[in-house]
Amino acid sequence: MKSLALALLVGGAIASGPQQQVLREPVDDPQAAETPLQKISDIFGHLSEQAGNVWEDVMDKFPDTLMDAITQTPPPKKHNRRPDSQWDHIVRGSDVQAVWVEGDAGEKHRKVGGRLDTYDLRVKAVDPSNLGIDTVKQYSGYLDDNENDKHLFYWFFESRNDPKNDPVVLWLNGGPGCSSLTGLFLELGPSSITKQLKVKYNEFSWNSNASVIFLDQPVNVGYSYSSSSVSNTQAAGKDVYALLTLFFEQFPEYSQQDFHIAGESYAGHYIPVFASEIMSHSHRNINLKSILVGNGLTDPLSQYPHYRPMACGEGGYPAVLSSSSCQAMDNALPRCLAMIQACYNTESRWSCVPASIYCNNALIGPYQRSGMNPYDVRSKCEGGNLCYTQLDDISKYLNQDAVMESLGAEVSSYESCNMDINRNFLFQGDWMQPYMRVVPTLLTQMPVLIYAGDADFICNWLGNKAWTEALEYPGHDEFAAAEMKNLTSLNHEDMKVIGQVKSAGNFTFMRLFGGGHMVPMDQPEASLEFFNRWLGGEWSAKSP
């Protein structure tokens, strides 16, 4: 959930902030006399003349608050590590890494690839009766990267149906920097949280026919913590690979089932990269069969041109913005696309950060200032930067001592989104990176589903359809030419149409009617149906 959370703040800040002086009055202290551009150069390294010109231009509208955002270092999250005796299982990555096996041809190789010796996995068997979230078997705990003092929290729910045979799914929320426990309690998990902080059973939970792992990543998100940080998608992928490898080592009974990665929003960055990391290891215990990305940000160059149409009445819903605002967005688009293209060409922070700042201000800022919900064009923002008051209820629930004790949480407090992480990813240039470039290889290895609720603005269905049709890969022409067909529910006698779908080879795009940024929250029954049908192989959910 919540892709572009900081981007909205950046867009609004630039648009509403006063014009800043790039050069300040002379002072005696040379350090104090540095221009903002020089300070950024000190942080990022050498600045080329071309990049400097771009930054000078962008920083004409760069408020002091953003300079503070670049340079500030957040304090580590307060935590209290529990003794090993309080955990039911501890898997040592060094032990797993030391295991060698013999191949069919007699050659010896490590049982699983990748560097694991710095990692441990701690596991707590959660008593279902303590919290009442679900009656199924549950595990929670931490992946520890001892070398870098990183600790990722996870919560596993077994399938309600047939856990010995049902697939296993990893769920990831976005942000970057938002907890996947938001997905658990607001969208697709076994229960939601009421305003009275009581649990309410969800009959349309995605663990109806699959076991689901909810992971708080990267570090310092949700119950996760670290004295260090992760500020790019590729680094986060190493941690996720280690967690899954050690989890399936501890629980081999789940490692034989099909495994899928699903998520939304900034997970459009995460999931292709994480899947690529997994598949890069020829010897692995992760039986990855497909990926699913909902309302994701994956190819900004193809997606950003569709902010204006979605905000201005061309996405299936009434216009939110005035004609003058729409024209201003049109006017800004060519420069935005040129800056994104420069980011694609260099994959450098110097090019990618200005592209994020300029484009988010020009194309997202106008919508943010409208007061409408960027995650659902049908409603106003309810308050706060993330527009959903339910997030406060979830945070209050997860901050209760009894809940934290039941789960083995080690942090002093829980927050749904960590804006420090969001900022770090933005200013590392991760935002505009062309991560769709790894998708063509994935399509040779597994089916890929891109789905989108059609009422979302921030990662809208128009942009997601556009990038799937623009993707350069051998099956491009066949997919681009495929028709959008009605997606009809099989659960209703009246053959209710719940969306549209197009599919060719291993690539599928799906539009879900009446869903916002969080489809499982807005359309719980329809989301569970398409999820089950995807896992069942109706489209391409069988590996070639």
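Backbone N, Cα and C define each Cβ position, glycine as well.
These come from Swiss-Prot:
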SIGNAL    1-17  signal peptide
DISULFID  C178-C417  disulfide bond
CARBOHYD  N209  N-linked glycosylation site
ACT_SITE  S265  active site
DISULFID  C312-C326  disulfide bond
DISULFID  C336-C359  disulfide bond
DISULFID  C343-C352  disulfide bond
DISULFID  C381-C387  disulfide bond
ACT_SITE  D456  active site
CARBOHYD  N506  N-linked glycosylation site
ACT_SITE  H517  active site
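A sphere of 10 angstroms centred on the C-beta of S265 (active site) encloses 30 other C-beta atoms.
Other C-beta atoms found within 10 angstroms of the C-beta of C343 (disulfide bond) number 25, with every protein chain shown included. The two recorded residues C417 (disulfide bond) and C359 (disulfide bond) have their Cα atoms spaced 23 Å from each other.
Look at S265 (active site): DSSP puts it in a strand. Mapped onto three states, the DSSP output places C343 (disulfide bond) in helix. Taking the disulfide-bonded residues C178, C336, C352, C381 in turn and counting surrounding C-beta atoms within 10 angstroms, the largest count is reached at C178. When Cα-Cα distances from S265 (active site) are compared across the recorded positions C326, C381, H517, the shortest belongs to H517. Of all the recorded positions in the list C336, C343, C359, D456, N506, the shortest Cα-Cα distance to C178 (disulfide bond) is found for D456. Across the structure, C336 (disulfide bond) and C343 (disulfide bond) are spaced 11 Å apart at their Cα atoms. Each residue contributes its Cα atom, and for N506 (N-linked glycosylation site) and C359 (disulfide bond) those atoms are 32 Å apart.
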